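Input: a single structure, listed below in C-alpha cells.
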Amino acid sequence: MTYLRTYRWEITLALLALCVHTILFLVVMQVNDGSVIDTVRADDGYFEIATNVLAGNGFSMATTSPYAPNALRTPGYIYLLAGLLGTVGIAGAAIVQILLASAIPVLGMHIARRITNSARIGIALGIILALDPTLALLSFQFYTDTLFLVLFFAWTLLIFRYLEQPRWTMLVTSAAVLGLAILVRPTAQYIPLLLVPFIVWRFGAQDWRRGVAHVAVYLAIIAVILTPWIARNYSEFGATGLSSQGPYVLYTNFAPAVLSVARGSEFATEFTTFSTYGERTSNVITPKNGDEYVAKALEVIFMHPIATAFVAVKSLFTFFTNDGVYTLLVITGYEPANFLWLLIPARLVWIAITIAAFIGALVYLLKQRSQLAILIILLIAYFALTSTIAAFGTNPRYRLPVDPIILALAAVGGTYCIQRVRHVLNGQLG
C-alpha cells in the first residue's frame with residue numbers, strides 16, 4: 001500500500017495512457033477492417049527493414065532481390081522491432097510498444113516537476129501527454145518515436161541529475177542512454193557536442209581538468225556505441241556517418257519547398273521534378289555522395305533567400321503550433337473539414353502555449369540563471385532548428401522530444417502573466 005500511495009500518480013498516468021492508446025488502437029484497427037498490419041505499419045520503411053533482417057536479407061528496405069543495404073535508417077529501433085516480430089508477432093510487437101509508450105507521460109511529469117518544482121504542474125503535464133493525439137497514434141505505429149522518447153526523456157532526467165551532482169554513475173548512465181537514443185533517431189547526434197560546455201562549466205576554472213576528463217569519458221562512451229554502425233556504413237557505402245537522412249531530407253523536401261514558394265507552384269510538382277524517382281525512393285543518396293546533394297540543395301537555397309526564409313519560418317511555426325488533431329481525424333476515418341469547431345480551438349491552444357512558453361523561457365532564464373535554464377532552452381532550439389529541413393512536412397513528431405519542456409515553460413509563463421494581471425487589477429482597485 002505504501003508503494004501504491006507513493007507512486008499513485010505515476011501509476012495513474014501510465015494506466016490513463018494505456019487506456020487511451022489501447023482504445024485508439026482498436027478504433028484505427030476497425031477503420032482498417034480489422035487488419036493489424038495496416039493499423040501499425042508506418043510509411044518510413046521500418047517494418048520492411050525489420051522483416052528483411054528477420055529473413056536474413058540484411059538491413060534493406062527492398063522487397064525483392066537484390067536487397068541493397070539501406071542508407072537512411074539507423075538500427076536502434078529496427079533491431080528491437082525485428083526481435084519483437086520474431087518472438088511475439090506483429091500484434092504482440094504493437095502491444096509491447098503500447099505498454100512502453102505508457103511510460104512517456106510518467107517521464108514527462110518528472111521532467112516538468114524538475115523544471116518548475118511544482119508537483120501540480122508535473123501532474124497536469126503528465127495528463128496532457130497521456131491524452132496527446134500524436135503520442136497516442138505513435139504508441140502502436142511502427143515508427144521510432146516511442147522508443148526514442150522513452151530513451152530521450154530518461155536521458156533528460158539523468159542529465160538534470162548530473163548537472164546537480166556530477167557523479168561518474170550519472171555520467172556513464174546518461175551517456176549510454178543518449179548513445180542508444182542516437183542509434184534510434186540520428187537527429188540527436190549533435191546533442192553530445194551541445195553538452196560539452198555544460199560539463200566543463202559545471203566544474204569551473206579551478207577544476208577544469210576533471211571537467212575535461214568527464215567530457216572525454218562522455219564522448220568516448222557514445223562513440224563506442226555509435227562506432228559499429230559508422231563502420232558498417234563505411235563498409236557498405238565507402239564513407240563514415242550514421243545516416244544519409246540529413247542530405248536526403250534537405251534535397252527531397254526543403255529544396256523543392258523553396259522552389260514551390262519562389263515559383264508560385266505546387267510543392268508536389270517541384271517534389272517530382274527536382275529529384276528523380278530513384279533519389280526519392282531508393283539508396284541513390286548515401287553517406288558517400290551526401291555532400292553532393294547538400295551542395296545541390298544549398299544552390300537552390302542561396303538562389304532564393306526570401307523563399308528559403310519563408311519555408312523556414314513556416315516550418316518553425318508548424319513545429320510549435322501543430323496539435324496533431326487533423327492527423328488523428330484522418331487516420332480514424334473522419335473528414336477534418338467537418339471538425340473545424342475542434343481544429344481551430346486546438347490550434348489556438350497551441351499558439352497560446354507557444355506564446356506562454358516563450359514568456360516562460362525568458363522569466364525562467366532571468367530568475368534561475370542556471371545551467372539547467374540555458375540547457376532546456378537550447379534543447380528546444382536544437383529540435384526546432386533541425387526540424388526546419390522537413391519544410392512542409394514538419395509535424396508534432398518533431399516537437400515531442402521537448403514537449404515536456406515547452407509545456408513546463410508555458411506553465412511558468414502563464415503563471416507569470418496571471419500574476420501580473422492580478423497585480424495590475426489589484427492596483428487599479430486599490
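Each residue, glycine too, has its Cβ placed from N, Cα and C.
Annotation source TrEMBL lists transmembrane segment at 12-31 (among others). Distant neighbours of the transmembrane segment (12-31): 39, 94, 98-99, 101-106, 109, 123, 126-127, 129-131, 135-137, 139-140, 331-333; these residues of the same chain sit at least 6 beyond its ends, with a Cβ under 8 Å from one of its Cβ atoms.
The transmembrane segment annotation in TrEMBL covers 77-100 (among others).
Look at TrEMBL and you will find 82-225 tagged as domain 'Glycosyltransferase RgtA/B/C/D-like'.
Taken from TrEMBL, the feature transmembrane segment covers 121-140 (among others).
Residues or ranges marked as transmembrane segment by TrEMBL: 146-163 (among others). Listed by sequence, the residues of this chain that lie at least six past the ends of the transmembrane segment (146-163) yet keep a Cβ under 8 A from its Cβ atoms are 76-77, 80, 97, 100-101, 103-104, 107-108, 110-111, 114, 135, 138-139, 170-171, 173-174, 177-178, 180-181, 184-185, 188, 195, 198, 202, 371-372, 375, 379, 400-401, 404-405.
If you look up TrEMBL, you'll see 175-200 (among others) marked as transmembrane segment.
The feature transmembrane segment is assigned by TrEMBL to 212-231 (among others).
Marked as transmembrane segment by TrEMBL: 297-320 (among others). If one looks beyond the transmembrane segment (297-320) by at least 6 residues along the same chain, the residues whose Cβ comes under 8 Å of a Cβ in the stretch are 247, 250-251, 254-255, 257-259, 261-262, 274, 350, 354, 357, 383-384, 387-388, 390-392, 394-395, 398-399, 406.
Taken from TrEMBL, the feature transmembrane segment covers 340-365 (among others). Sequence-distant contacts of the transmembrane segment (340-365) (same chain, six or more residues past either end, CB-CB distance under 8 Å): 115, 320-323, 325-326, 329, 373-374, 377, 380, 406-414, 416-417.
Summarising the annotation, TrEMBL assigns transmembrane segment to 372-392 (among others).
Tertiary neighbourhood of the transmembrane segment (372-392): same-chain residues 115, 156, 159-160, 163, 187, 190-191, 194, 198, 246, 249-250, 253-254, 256-258, 267, 311-312, 314-316, 319-320, 361, 364-365, 398-399, 401-402, 405-406, 409, selected by CB-CB distance under 8 Å and a gap of 6+ residues from either end.
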